[in-house]
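S.K.: Below, the features straight out of TrEMBL:
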{"type": "ACT_SITE", "residues": "GLU101", "note": "active site, proton acceptor"}
{"type": "BINDING", "residues": "THR28, GLY29, SER30, THR31, ASP79, GLY80, ALA81, ASP82, LYS92, GLY93, GLY94, GLY95, LYS119", "note": "substrate binding site"}
Amino acid sequence: MGGEAGKRAAAEAAAALVEAGSVIGVGTGSTVNHFIDALPGRDCRGAVSSSEASSARLRELGIPVLDANEVDGLALYVDGADEVNRHLQMIKGGGGALTREKIVAAMSDRFVCIVDAAKRVGVLGAFPLPVEVIPMARSFIGRELARLGGRPVLREGFTTDNGNLILDVHGLEIAEPIRLERALNDLPGVVTNGLFALRPADLLLVGSEGGVERVER
Ligand SMILES: O=C[C@H](O)[C@H](O)[C@H](O)COP(=O)(O)O
């Protein structure tokens, strides 16, 4: 069991962690969609969402979507990942929601990452690293990313929920994720990048053949 069945199993295990009456943080993507679908009946009071897509799905199921500015903090954030290593550091942003995801993750006491087994890697970087950039900085940042050894490719026809562009950086073997996350965020014009190393997950739920594996940090 990998793929969709693995994603669903991990998502359902995360839904069991939602406390009755709580407000939770909700990420974005196909794995999180399974999590959202498992929320009805769990008495979730509301959600702070990381994307317009997740907000729409939550509302369809009758779960109130709250403005991030209306809550002081969140006990739990549940989100997927494109890659995750043994330190529970991740590459995220395959769906382009990285900036809002990083904000909601930072607001949360506990980050639960849900993946199928194919997302686990030894070294991050085979998945192209998404970098959200302000449009006027696109070429400048592209040159800087090339100088750092990557091959940036503009995500054609895509605009983030924040009105910005995504450069997907190929060819990076990320030996020091924290250092690279900081270095990229220091470039003027970068909104954020898809490395979640400064704030890794606290609990990883991996859906696979044998059920759901729990990995605590
Ligand atoms: O921007 C998208 C998010 O970071 C997703 O969590 C990530 O791309 C994984 O998505 P999926 O669950 O669809 O593989």
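A Cβ is built for glycine as well, from the same backbone N, Cα and C atoms used for every other residue.
Unlike curated records, TrEMBL annotations are generated automatically.
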S.K.: Looking only at ASP79, GLU101, which of these recorded positions has the biggest number of Cβ atoms within 10 Å around its Cβ?
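M.R.: Result for the most crowded candidate: GLU101.
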S.K.: Just to verify: the residue among LYS92, LYS119 with the fewest other Cβ atoms within 10 Å, which of the binding-site residues is it?
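M.R.: Counting other Cβ atoms within 10 Å of each of the binding-site residues LYS92, LYS119 gives the minimum at LYS119.
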S.K.: With the Cβ under 6 Å from ligand 1 as the test, give me the qualifying entries from the binding-site residues SER30, ASP79, LYS92, GLY94, LYS119.
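M.R.: Correct list: SER30, ASP79, LYS92, GLY94.
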S.K.: Counting Cβ neighbours within 10 Å across all chains shown, tell me which of the binding-site residues THR28, SER30 comes out on top.
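M.R.: Sorting the candidates by Cβ neighbours within 10 Å, the top entry is THR28.
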S.K.: State, in Å as a whole number, the widest CA to CA span among the substrate-binding residues THR28, GLY29, SER30, THR31, ASP79, GLY80, ALA81, ASP82, LYS92, GLY93, GLY94, GLY95, LYS119 given in the record.
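M.R.: For the residues that bind substrate, the greatest Cα distance is 15 Å.
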S.K.: If one measures from the C-alpha of ALA81 (substrate binding site) to the C-alpha of GLU101 (active site, proton acceptor), what distance in angstrom results, rounded to a whole number?
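M.R.: Here the two Cα atoms lie 11 Å apart.
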S.K.: Can you check what DSSP calls GLY94 (substrate binding site), collapsed to helix, strand or coil?
M.R.: coil
S.K.: Which has the fewest other Cβ atoms within 10 Å: ALA81, GLY94, the binding-site residues listed?
M.R.: GLY94
S.K.: At the Cα level, what's the spacing in Å between GLY94 (substrate binding site) and the residue listed as 'active site, proton acceptor', rounded?
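M.R.: It is 12 Å, counting Cα to Cα.
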S.K.: I'm trying to understand the geometry here, so how far is the Cα atom of GLU101 (active site, proton acceptor) from the Cα atom of SER30 (substrate binding site), in Å to the nearest whole number?
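M.R.: Given the Cα positions, GLU101 (active site, proton acceptor) is 15 Å from SER30 (substrate binding site).
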